[in-house]
Amino acid sequence: MSEAATAPRELRDSELDGPALSARLARIWGTQRSIVGWLSSVDHKVIGRRYIVTAFLFLFMGGLTAIVMRLQLAQPESKLVGPDTYNQLFTMHGSTMMFLFGVPIGEAMAVYLVPLMVGTRNIAFPRLNAFSYWVYLSGGVFLWISFLLNIGPDVGWFAYVPLSGPEYSPGKRADVWAQMITFTELSGLAVAIEIIVTVLKQRAPGMSLSRIPLFVWALFVNSFIIIFALPAVMVASTFLILDRLIGTQLFNPAEGGDALLFQHLFWFFGHPEVYIIFLPGTAFVSAIIPTFARREIFGYLALVLSLIATGFLSFGLWVHHMFTTGLPQLGAAFFTANSMLIAIPNGLQIFCWIATLWDGRPVWRTPLLFVCGFFFIFVAGGLSGIMLASVPIDTQVHDTYFVVAHFHYVLIGGNVFPLLAAIYYWFPKFTGRMLSERLGAWNFWLAFIGFNVAFFPMHISGLMGMPRRVYTYGPEMGWGDLQLVSTAGALVLFASFLVFVWNVLASLRSGAVAGPNPWGAGTLEWATASPPPPQNFDHIPVVTHREPLWAERGGLPVVTGLSIRHRELVVSSVAEAEPQLRESSPAPSIWPLIAAVTVGATFIGSIFTPYAVLWGAPPIAAALTGWFWPKNTPEDEE
Amino acid sequence: MSTVRAEPQPFEPHQARVTRDLSGLPTYGFGPKSPMWWGTLGFFVVEGMGFALALGTYLYLVQQNPHWPLAPIPPDHWAGTLNTLLLLASLWPNLITDRHAHAQDLGRVRRDLVIMSLITLATIALRLYEFTGLGVRWDQNAYGSITWVLLALHLTHLITDAGDTLVLTVLMFTRHATGKRFSDVSDNAFYWYFVVASWLPIYVAVYWIPRW
């Protein structure tokens, strides 16, 4: 193996200390204060913050579409919106929540927190990270501008053929859906690879596999699910575009194609997608519970193995979305068994969390309230999920409000409640200020009550036969009262988010100053200032325990020897995190943004003409060459 | 090991104890030592899933149709076979490139990269010619569609690799051809193995399943 050590005389962090070292590192790792600097940033915290804020904006927009739908359904034969707008509304709601909020928010939190938690200075491939954000933003803006121009997709968030095919969906609405998928999945895949490599290669010295925080484990497993699942939806949406744009016959049964093929491809992604949304929830819960139980997690190994088992099993469930399509019964039986089996690792996690709280001395702050809300709602959703795993029950309630109730219990319970817990928990780290506990309690109780009032009655509406995706219903159906209750609940849930926004805005201005570790937590992100400086840590810590800040009370052991002339970080071995390299980390660059613009223009152009791919290729190639070409910075020349 | 609990005593972030100095570590490495190698592996998984699903689609359509191919004759395989042989033969210069990159032998790496650039361009030309012998259009039926999709999907990988290799070749003739760039050459060679390996099942599907 032939690696070269650099010249012996280089300015190192062992030669400075204290504020002088901090200031110098902050200058090297910082983002320039100018528009170009802002657009060129490759700091995982800057990009993570943008991701989080953008994902929340999409959550609110998706929430607003839900409110309009709830108002429409509050009474029979309402005339608030017509069928065409309603079709666009539920498609926008589902697509926004799943593709612009559900997947990105987990990755967004990972982009900000994983590098801090593993004790490194930036994410792996930071320019790819910047690129992925711009691509994600472009995809989301593209979808919403299309909606505002009345060409929003109207074929449901899963856009089944033949409805979305060339025969039944003329115009560009279905193409907008399909191309939004291309944008968001490209960015999702890029971030997943960054997280995997950051966890494998950039952990602080000593952070062996058994010392990785559970938060990081969960997002690591999640990234693996993403790289195996997301290509399926990209293949499905690409095939759909090809059928629509250049006349391929992949989904056309009249010419040897097959319509169910789309459903197979879609759900091969779509079911793991549920876990892609849920695993970040478990990550937040596993980080929050030890801090507020004031003891380390119970059953660490069982929790890690549960995450991995969930990852594998999530790929064996997709057909349970297709029980009513007439597939062979033997196949259906296998997927029923698997759908029930996955309850075991998930149940095991819940028991480990409860055991941790049981043996701890719980401190009842807002994050823990939301975690308890998560237990209640997610377990309820899990129980209706076991009901739906059974073919006879599924056949009865397929495409009814029972299913709508089930997946909102699972998704809001499994993702949004833990996410709000996470925001209350890490807001002090992100901003340096505490959120208000009083408003937090209001936020929680309004959300918890509003959610259950909105969604519990939907189980009954569904059992009474109310189908999904209907824009209205007759008074004789008898669903009106339950629907009115659901709408009232939805408004309360919406109010809880207004309280949340108020809390965030007020606390940003005048919240209590947090300090580095306001909760007395044990993981590495709390070992640095709030908000963290650009370099994250002045010295790279050495990890001796799963809760390093609880184990090393006299101050963390650290390593030295990194350059303070340019951006450099420690690359370590996969299993034991033994330091292997001092590798330079890329400096800020405008090229990822330029590359994202060329890629975005090509994607959007290809809705209209296949030649856009030919015209787009040279600018994309030029942008990527500009990105990779060395720039005479010390980082590039190392 | 006893359970660790949080104590009331606060943690002091500024009391750092230096336990080790890393200034002797190298600044770049090859293979699994290098994060870029793992990133490349990640892209193999993503693109490999894309190939696997497209091949799965092919087999699914074979099974859905009573006759296969949905064309009077199977595609002419000679151009594809020639391309396959060329791809397999290219593994040797690719391996040599990787070896010379490890040895940081700039002169030989330059020569090897020029050879590899020419090979990638030749495979693209042959691939474009392959389309002319398929005997079916992409919009004729599902058989034509998936056949074109498989060839085109792999073609995008040939083009990507050709682009990478050409840029890297030019780079290695400039003053930037130092240190870490040899590791980039090695990662580029690593990617070519994937491009060749992913072709073999596609070759069998496109040219030989219709003759089964």
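Glycine is no exception: its Cβ is also placed from the backbone N, Cα and C atoms.
Some features that TrEMBL has for this protein:
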type: DOMAIN; residues: A:32-544; note: domain 'Cytochrome oxidase subunit I profile'
type: TRANSMEM; residues: A:51-73; note: transmembrane segment
type: TRANSMEM; residues: A:130-151; note: transmembrane segment
type: TRANSMEM; residues: A:176-200; note: transmembrane segment
type: TRANSMEM; residues: A:212-242; note: transmembrane segment
type: TRANSMEM; residues: A:274-293; note: transmembrane segment
type: TRANSMEM; residues: A:300-320; note: transmembrane segment
type: TRANSMEM; residues: A:332-356; note: transmembrane segment
type: TRANSMEM; residues: A:368-389; note: transmembrane segment
type: TRANSMEM; residues: A:401-427; note: transmembrane segment
type: TRANSMEM; residues: A:439-464; note: transmembrane segment
type: TRANSMEM; residues: A:484-505; note: transmembrane segment
type: TRANSMEM; residues: A:590-614; note: transmembrane segment
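Counting residues 6+ beyond its ends, the transmembrane segment (A:51-73) has Cβ neighbours under 8 Å at 80-81, 86, 89-90, 92-93, 96-97, 100-101, 104-105, 107-109, 111-112, 133, 136-137, 140, 144, 416, 430, 454, 471-473, 483, 486-487, 490-491, 494, 497 in the same chain. Most Cβ pairs under 8 A with the transmembrane segment (A:274-293) among the ranges A:212-242, A:300-320, A:332-356, A:368-389, A:590-614 are made by A:212-242. At the 8 Å Cβ threshold, with sequence separation of at least 6, the transmembrane segment (A:130-151) comes into contact with the transmembrane segment (A:590-614) through 3 or more pairs. Contacts between the transmembrane segment (A:176-200) and the transmembrane segment (A:484-505): absent, as fewer than 3 C-beta pairs lie under 8 angstroms at sequence separation of six or more. Among residues of the same chain six or more beyond the transmembrane segment (A:332-356), those with a C-beta under 8 A of the stretch's C-beta atoms are 282, 285-286, 289-290, 293, 295-299, 302-303, 305-307, 309-310, 313-314, 316-320, 323, 371, 375, 379, 382, 385-386, 388-391. Long-range contacts of the transmembrane segment (A:300-320) within the same chain, counting only residues at least 6 positions beyond its ends with a Cβ under 8 Å from a Cβ of the stretch, are 210, 214, 217-218, 221-222, 224-225, 228-229, 264, 267-268, 270-272, 274-275, 279, 282, 286, 327, 331-332, 334-336, 338-339, 341-342, 344-346, 348-349, 352, 388-389, 394, 546. In the predicted model, the domain 'Cytochrome oxidase subunit I profile' (A:32-544) has a mean pLDDT of 95.
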